[in-house]
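Features of the protein shown, as given by TrEMBL:
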type	residues	note
DOMAIN	108-384	domain 'SAM-dependent MTase RsmB/NOP-type'
BINDING	200, 201, 202, 203, 204, 205, 206, 224, 252, 270	S-adenosyl-L-methionine binding site
ACT_SITE	323	active site, nucleophile
């Protein structure tokens, strides 16, 4: 029945179902509003159909007889049931069950479906401290918690719109940036006077944070293939008063590396990835990402790693990072890279981030369920030759 239904009518019903089943809104109000919507958007007869279907749903819910998939049968049947129960694509469910086990996979999907929290980074380059940010949040009556891991960060669960309306972002006083991304910058460990190459810089959050930590001395060379994103990055750098230490380069890293003599002691490759670590903030991404994308992304990550490695001077470091929780994009890519490039070795990150974020192999890993942050990964690789 639903498969043959016209798309707009189906959307109206989806809204009604969600409001009744998930939001527990008053049934009479939901039915009334969605019937009106169907009549205006479509025709009177559509309103009658919406009325009948939603009233039936209300009755079924009140009798506690909503049909739910059962976790029985083989692994494929299990995955389909979990995919329906927790609103994730079947391929993701099967992948996470394989790597994490069923219980952890369920916890991860529940995290992805929960209301996300956001972090604000005080812009030290403009003389703003976390204490200043906390004082401003108090004045706006925005509930918040200071970060346990980073001195410049404050976590906000609700009230972000108040911060936006107050103009702090437009004035460059702070940025919205997850702590998991901030901890990647901790792995880079920018120091005043250093030249750092940021290989896939857009949209620029890590670039700007690294630039602020240079304290006006040194340079971040931001390379990206997207010219529009680089233009926004330059404008934001000026707004945050770090434009003096940010240099943008519009190029495809793979071809740029073939002809550029650039060398640096610190090179960051924050690689394009599946984004499977940020699904709580990107609800659309789970439905737009396909299993076929993973192979293409892994090939691209390998090519970018090879290119980025050419910029690393002897004794320098290459930091490879993603916002993915998938081992095939993280540990497996590093392992494959080290086979191709034996001149690099893993340098454990325990000097740069709290031990709770350090894996047995010495990598940085932010686990959404364990740490209540976006998922992220970083490897600190030293060039020995």
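Any Cβ shown, glycine's included, is placed from N, Cα and C.
What TrEMBL says about a protein is an automatic prediction, not a curated fact.
Projection of TrEMBL feature records onto the structure.
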residue : record                               : Cβ contacts under 8 Å, 6 or more apart
200     : S-adenosyl-L-methionine binding site : 223, 224, 225, 253, 269, 270, 271, 272, 304
202     : S-adenosyl-L-methionine binding site : 224, 226, 229, 230, 233
204     : S-adenosyl-L-methionine binding site : 222, 229, 232, 233, 236, 237
206     : S-adenosyl-L-methionine binding site : 181, 184, 185, 188, 198, 268, 270
252     : S-adenosyl-L-methionine binding site : 225
323     : active site, nucleophile             : 180, 181, 273, 275, 277, 278, 374, 375, 376
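Confidence for the domain 'SAM-dependent MTase RsmB/NOP-type' (108-384), expressed as mean pLDDT, is 97.
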